[in-house]
Every structure is written in structure tokens, then in C-alpha cells.
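Visitor: This is the structure I want to talk about, given as C-alpha cells.
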């Protein structure tokens, strides 16, 4: 299907992975005038994209053939590697001079390795993890932590401009963008766990939790994550905006990186155990603020909606 | 010395503890028109207060005799108890109807116990931990997390107004203010440790640390403490604004409270171990951001000024 449109002179962008982030990023690029073709392993995701006016592909190769820009919005490094070099991998069908924009969170060493393999084929690779959530993906307001060659940045420019409010240019080698993203995930993951440890401890003591939220968000104990996630706990609503499993994955990557570099991460290690416990207790696909429910279950603290239990 | 001024009709406030916080709070009350008398166990602190135009006392009892308001700015619950009920304790000389404003961070159970003893003597007790640092103490812009009887709040009003930009009225029983402060300290202590774990990990990977600061403070991984403390690390300047020992104390209180309530605090426990290690390595009286130096020493990460070692 994708090939019908190859010769219109428009920049063609292929988006692989049409989840809440990828679908929004595809929408932003279409709005900016790019010719966007989408693929997802879930046919329903492609159907939604087509119903939304998008152009669907029958396989990753079908999407990528003829594209100037490939935006990979898969889950992790392993999926990125499979997309590029697995069975039906797209590296072999990317057109000369095109760029692979990789947005999955991954170990910087994996990003460096993938970039080297892609570049050895005469193609460009931009290490470009994203931050901002589904709403900002859809409005073209993401933050992108990018590193790569000058040529990769130039080839990616129309897509970056369409998707992001802010592109940090972090260096000329793949891996640096990934490393910045891991530092952010380290802090984000620890802060969510700390916020949950604190709010359930406040509940255990019988404090007025709305007042705790008011006081802490105006005090030195505040974090972006406390401010953003604790309202879910106060509402007792654990509908996943970002799931527990995301931090099982991301803090796992941080812990593995740190182990291989002989760097101690006691706070990451403690937080990861709590994400694992929440996942083990059945909350893996619930909102990451579910750690507050876990602390409540472990201690008898009373939280709004916690009695509903895990799903 | 204090008694010379008893009959002028002004509200008399005694400040016990003239460190950077207490001296600033005394200054704010003087500026607001209160008659302020100060005492500290260190004669040099009294001398500085007198040189600054303050009125010094020869003992806690001398300061408190005739005061309408006593502001206790000592270090912890044990010092507060000694000030009230130890040898030369002031509870026995406080005048009827006067109020004891307790600002030290302490276990809520200790605050409840002290309040009960003070109130049984016909005196008032306001549980009033403070937040904001020396500059805000001096400018009368503190945040105060207060709880106590209506009568205690009323008696304390002139002092609260003079010292604070914001007074949270958190309930009618002592202990609630202390509990709110402990929730804040839990988060603050964990966030400083996480910030230090993250920035030294970034250094270990050779990232541009100024860029890390720029990206993180604009991202979901940000915290009040990351934003406030990491500049000390980037400057390699560990002059104490708040010392490592403060969090050895405060996370120790949180851990003890949590243990007695059968509430697990794995993040607090991990952070406390790092404060203990920093103190054990000789950095106890240095800035709390010294944990970054500790992580660097443990891992070989290169931080600005870290080679200077601990003092």
C-alpha cells in the first residue's frame, strides 16, 4: 500500500508502533504536512490509524520502503533490534540516505551498537528517546533527548520539528540520548516510589491526605512525580497512564547498566524491588502510582479506593 | 537582664537557640515590633545577637521569665524536652497563659507527650516545625506546619505573623505538625540521595553535567531538591547549607517511627545508609549534597571538586 505515494515529492515518514505515543507522533507529523504511513503488530491499532485518516502498511518493510524517515516507537532495545535486523527486518529495505529515529528507552550500549550497524549500511541513525506522555505526543509537544551525526539530525529534521516542542541536541554519537533518558528514568522511578512510600505513611498516621498534598507540593519535599502521580492515589484511580511494568523495565535497565559499570545504586535497587512486588501482586499493568496500594496492603494503611484491590 | 523590660506593654518573645534559623527568626520578630530576648548555649551566638541590637539572656530561665511567647529553635526532641523539663528547665518559670512554640523536627509521639506535660501546667504548646532555610528565617518568610489548641494559636499569633509567609493550620492537637514535617523530610532526604545517585552516575558515564542539569530540571525526573542541591555538586562546593547530619537525624526519626508502626520504608532505609556512609567517611558536617562525592568515591566517577576529598 505504501508505495502508491512514493513520488509526490512530500517527505515520507514511516511510524512503526501505533500505541498511544506512536499514534500521536504520527498525527503530529501528518498535521505538519508529512506523508505518514503507519504499522503496528496489532491490526486494531492500524485500523484506528486508518480510520483517523492515516495510511496503513501490511508489514514493517511495506511501511519503510520508500520512506525518508523511519520513526520507531516500539517498547525496548530488543524490539528495536528485531525491527531492524530480525526476520523481515527493515534495515535491508531502508532507502539510501534515510534516517532511523529510535525513540525506545534502552541501554546506551545497545543504542551505540544498533547505530553502528545501521550506519555501516550507509543509513543514518538518530538516538532519540522521548518524554512527555500521550497528550504531548498528539499535540507535537514532546521533549526529545537526541544524539547522532549531523547528517542524521538533518535527515530527521522535518519529523523532529513536527513531533517536539524541545529537541535537546546532546552530542554527535548515538548512546548519549539514551544515557540522558536513563538518568531521567532513574530519578522518575525513585521519585514515584518515594511519593508512594510517603503518602501511604501519611495515611498510616491518619493525616488529612489532601492537606499533605497541598503542603508537600509547596515545600522542599516536592517532585514533579509527587505532584503528578499522587492525585491518582487521592482519587483511588489506578487506570494506567504509565504502568508499573514500565519501571520494572526501566529501573531494570538502570540496575544492569550500573552493575556492569561497577556503580552502586541503592535507591534504584530499593525502588525496583517495590515495582517488582507491585507487579508480582498483580498490579503490573495498572498505573505506576499503584505502589501506594502496595504500601497500604503491606501496612494496613487506609487509602481511597485501595480496598478495591489489584486487578 | 530580661526582666528590665517586662512592663513596657510590648509582647515579649524569648528565642532559645540562636543558630542561623533562630537568629533570623529573632530578627524577624524584632522587625515586627516584638520585644525579643535571646539565649543560646554558645556565648558567641548571644554576643552576635546583642551586637545585632538584640537583648541577651544569661540562662534559658532568664530569657523565658516574663515572656509571652517562647520560640524554641533547638535541634531535636531530646533538646526540647531538656529545655522544658531538664535542670533549669523553663516550664516551671513560664508565665501563666504563655505559649511554647516548638520548631525542632521530632517524632510526633514526642511532640504529643511534651504538649501534654506543658498543658497540664496551664500553659500553651504549639507544635510548629519550620521549613525554608536561614534566608527565609531572616526575612520572615518561613513556612510553618503548625498544630495545637485554638488558645495556643492565638497566643502565638504575633510571632507566627512575624516569622512566616505561610502558616499551615493542621489541626487542634500537637503531633500533627510534626507528622507533616516528617513526611516532608522523608521525601527531601530520599530526593537528595536520588539526585546524588543520578548526577554521579551521569558523571561515571562521562555525560556533560551542566546539560544533565538543564535537561532534568525541565523533565519529569525533576525534584525541588535536585534543582536546589545539584548546583552545589556542579560547583564542587560542599560548604554546608544543610549538613549530612541533619538527614542522619531526620531519616533516623522516620525509620524509627515506621518501625514502631510496622510500616516498611525501603527507600528511606537505603537513603539513610548513604547518609550514614557519608558521615562515616568524614562528611557529616558538610553539605548534604556530599552524597554525590560519596558515590564518586565509591565508583571512580569524576565530579568537580570531588578530588578535594572530605574535610
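Note that Cβ sites are derived from N, Cα and C of the backbone, with glycine treated the same way.
Residues annotated as active site in TrEMBL: A:181. Taken from TrEMBL, the feature domain '6-phosphogluconate dehydrogenase NADP-binding' covers A:14-171. Annotation comment: TrEMBL describes A:175-295 as domain '3-hydroxyisobutyrate dehydrogenase-like NAD-binding'.
Neighbours and distances for these, please.
Guide: According to DSSP, residue A:181 (active site) sits within a helical segment.
Across the domain '6-phosphogluconate dehydrogenase NADP-binding' (A:14-171), the model assigns an average pLDDT of 97.
Residue counts for the domain '3-hydroxyisobutyrate dehydrogenase-like NAD-binding' (A:175-295) under DSSP (helix as H, G, I; strand as E, B; rest coil) come to 93 helix, 3 strand, 25 coil.
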Visitor: Let me know how many other Cβ atoms fall within 10 Å of the Cβ of residue A:181 (active site).
Guide: 29
